[in-house]
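Report on the structure given below.
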Amino acid sequence: MSDGDYDYLIKFLALGDSGVGKTSVLYQYTDGKFNSKFITTVGIDFREKRVVYRASGPDGATGRGQRIHLQLWDTAGQERFRSLTTAFFRDAMGFLLLFDLTNEQSFLNVRNWISQLQMHAYCENPDIVLCGNKSDLEDQRVVKEEEAIALAEKYGIPYFETSAANGTNISQAIEMLLDLIMKRMERCVDKSWIPEGVVRSNGHASTDQLSEEKEKGACGC
């Protein structure tokens with residue numbers, strides 16, 4: 001796909017404590033490589049990838065492929081950058097929330113990150129996928145899988161155990177997040193909730209046209 005040759009531009013935000021592997025996960029997804037020498041993200045950075053999304057119907061059949069331009073925003077996890085990070089929450093449509101399976105405090109802080117999202121995202125119930133990263137470091141693991149699953153179930157969000165080192169479940173986690181977003185857009189008659197500048201259609205309904213449907217009903221956010 002050439003520049004501008006897509007149906008939707010969608011922004012995802014990766015967040016979590018410093019050192020959980022956000023940059024490495026996004027780099028593995030976009031470039032298929034692992035770089036162990038990344039320095040700590042200062043402020044905000046992003047990567048991009050083009051994908052084709054095909055929704056599955058109740059009968060299992062897939063519809064026409066939607067061309068998606070993903071912007072994957074990488075945020076600083078340190079507290080001193082928190083005000084800058086939260087300023088980006090409202091413009092993102094989906095959130096990849098990571099913790100480090102070898103760092104219990106990063107897991108305990110997941111609740112704080114979700115609280116921040118509930119306060120600052122485009123709605124109180126945004127689409128989130130929880131990732132326990134560094135699953136390849138099994139001998140250093142301190143967070144049990146059942147603990148992470150229980151937390152994800154408490155908030156009603158999907159959970160994946162990922163590894164930036166070998167790529168385990170990274171594509172699956174991001175594809176799940178994209179699927180949640182596309183299904184949310186499909187079922188919501190009122191598209192006014194969509195963060196401005198995040199979703200754009202080329203050759204289909206414009207965001208202005210989508211906003212004109214406000215009087216027809218609201219999205220259950």
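Using the three backbone atoms N, Cα and C, a Cβ is placed for every residue, glycine included.
Annotated phosphoserine per Swiss-Prot: S2, in sequence order.
The annotation N-acetylserine is assigned in Swiss-Prot to S2.
According to Swiss-Prot, the GTP binding site annotation covers 16-24, 74-78, 133-136, 163-165, on the basis of similarity to another entry. When other Cβ atoms within 10 Å of the Cβ of S163 (GTP binding site) are tallied across all protein chains shown, the result is 23. In this structure, S163 (GTP binding site) belongs to neither helix nor strand by DSSP; it is coil.
The motif 'Effector region' annotation in Swiss-Prot covers 38-46 and rests on similarity to another entry.
Under the heading disulfide bond, Swiss-Prot lists C123-C188.
Annotation comment: Swiss-Prot describes C219 (among others) as S-geranylgeranyl cysteine.
The feature S-geranylgeranyl cysteine is assigned by Swiss-Prot to C221 (among others).
The cysteine methyl ester annotation in Swiss-Prot covers C221 and rests on similarity to another entry.
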Assigned element (helix, strand, coil) containing C123 (disulfide bond), judged by DSSP: coil
Using Cα positions only, nearest of the binding-site residues to C123 (disulfide bond) (G16, G19, K22, K134, S163): G16
Under 8 Å by Cβ from K134 (GTP binding site), counting only residues of that chain that are 6 or more apart: V20, G21, D100, L101, T102, Q140, S163, A164, A165
Among C123, C188 [disulfide-bonded residues], residue with fewest other Cβ within 10 Å: C123
Euclidean distance between Cα atoms of C188 (disulfide bond) and D74 (GTP binding site), Å: 28
Position of peak Cβ density within 10 Å, selected from the binding-site residues G16, G19: G16
